[in-house]
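Per TrEMBL, the features are as follows:
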- 20-41: transmembrane segment (TRANSMEM)
- 92-115: transmembrane segment (TRANSMEM)
- 123-173: coiled coil (COILED)
- 176-194: transmembrane segment (TRANSMEM)
- 206-228: transmembrane segment (TRANSMEM)
- 286-306: transmembrane segment (TRANSMEM)
- 326-343: transmembrane segment (TRANSMEM)
- 364-388: transmembrane segment (TRANSMEM)
- 394-414: transmembrane segment (TRANSMEM)
- 426-445: transmembrane segment (TRANSMEM)
- 451-472: transmembrane segment (TRANSMEM)
- 484-507: transmembrane segment (TRANSMEM)
- 519-543: transmembrane segment (TRANSMEM)
Amino acid sequence: MQSNKPQRSLTSEVWSATLWNTLLFPARFLVGIITSVIYYGRLAPEQVALIFLLTSLAASIGTYADLGIERSLPRFIPEVEKRQGRQGVLRFLWRMIGLKLAIMAVLVLGLNLLAQPMGNYLIEQQRTEVVELESQIRSLEQQPATSDQISKLSKLQNQRTGTLAVIEQIERQSHWFMLVVSALLILGALFDVFMQFLTAYFKQRAWNLITLVTTLLQPILVTIFILLGWGITGVLIGLVLTPLVSVLMAAWQALRASRELSNTGEGEASDPELPKRFAKFAAVSYLMQITTWVYDIQFVTLFTVTQLNARDVAILAFAYKFAKDYLGYIWMPLNGVMTPLLSRIKLRRDPQSLQDAHGGLARMIWLLIVPAGVGLALLTPRMVAVLYPLYTDASSLIIVFIAFTFGESLLSVPHNVLMVYEQYRAVIISRLFAFISVPLVFVLLPRYGMLGVAIAVGAVRVATRLITLYYGWRNLGLQLPWRFWLRVCAASASFAVALIGLMQLWPMPEAAAGWQTKLINLLPLMLFAAIGAGLYLLTLKLLGGLDPAERERLLSMKLPFKGVLRRVL
């Protein structure tokens, strides 16, 4: 039966998706903060490093096994529906799911056969680390007792205890760990397909609610299991149960969304070139995933685990994840919007619509990302001291990761346009450049340690976007609104100078274990953030704010609090 629901305009769909992303931001942000504080406060860094290793292994195998299928779905599902309707879309999805599960079955079998050798390698590595720690402990014990010496000795003893606990865990449960990785692979493959289907139809309310439930469920399960004394085992059980629930929810929502599709579409025959076009798009997407992997947290974890001790691996991975998590919070209004929006604009075949969409997306991203990155970098040392006292050594690394990850996101729109408009040569050139991160890490890690790794992967992230920026201008005539960018940078610089001056007058907060003390210590940081936001908006308004055409286009939408927004803009 064909759906009788009226088709909404593209502007309405995009606005609805963005609105739901924004409305659910506070809940996701608070849950994310609480989750991370519990997680990093209750587990030793050595345990965190082991969990990073297992999840990075699952994510890395999943990336290599994906073949670019998941990222290609939002690009082609609307086209399949237009031609063949609901049944065509369902056939298309089931073929993709079957292919992914067949690949996963082979990988899971191989992974479990290698469980024992991998466990033995990790055990030997950790035993070597224990020997080095015991040597350092004996050396410190022979020195005169000072407060600094006692602090270092306590830190080394805790590190040795944590490493021995990890060795014992691996000896007893290496096969269990591989089963967990296998489950994460299978569930992750199914989850991503269903969520990409929801993304293709701007189902941001369902998308965000599923993500919110997942984000709430995981810390609750993990905390309960840790309190029961299950340690790493409890964390891993929570990590498996959470995606299981998520898959069930995503499948249910995808089924509901599929019922809204037209049964027949436009009645056109399937495009004989579609498999070839899909394979080409998927191949480029796959290359993009692989080349993203070589400078992402999974590669960093898997590579450095052979070069650094477990505590340093945890600090490096924590710093990278901190920057990416906060970028994810700020990026929330655009989650799942850009590719479907550009795909529908491509179907219009209107060059001016492309230019308008590109400029509007770039302005929205810069308006949010530049001040957020500047403010976060300034507040990071104090935030880490209050919320994550075991990771205060990560503050400088976090600032480096913020600079590069936020910088990459500022230049992300041309890349998405090139992908949707099938300008694959330009994308391939930019992605192949990403492989430079591998030799860079090899060169910089021995000389500069963790900071060298951060610079290597971060610089490559930005460089790949600069390449797509050039090709977007050359091939499609994409023009970035540089004058608006200068206004945003000037406004951000104004509040940065003010915050630096204010923070000089306020002492660095001390580490605290209790939630009440943490909240009290956070109050000055929230005040700094509010002052910074106010100065940014005021300065931006004085400098001209949005361009007149962009301001009128924004205010013409059905927005809440339009009167307030009009005064601010």
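In case you wondered, yes, glycine gets a Cβ from its N, Cα and C as well.
Unlike curated records, TrEMBL annotations are generated automatically.
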Review point. Looking only at the coiled coil (123-173), what is the mean pLDDT?
Key: 76
Exercise for review: Look at every Cβ pair spanning the transmembrane segment (484-507) and the transmembrane segment (176-194), keep those 6 or more apart in sequence, and say whether at least 3 of them are under 8 Å.
Suggested key: no
Exercise for review: Please work out which recorded stretch in 176-194, 364-388, 394-414 has the most C-beta pairs separated by under 8 angstroms from the transmembrane segment (92-115)?
Suggested key: 176-194
Practice item. Mark yes when the transmembrane segment (364-388) and the transmembrane segment (519-543) have three or more Cβ pairs under 8 Å (sequence separation 6 or more) and no when they do not. Key: yes
Study note, to complete from the structure: Top stretch by Cβ pairs under 8 Å to the transmembrane segment (364-388) (candidates 286-306, 394-414, 426-445) is 394-414
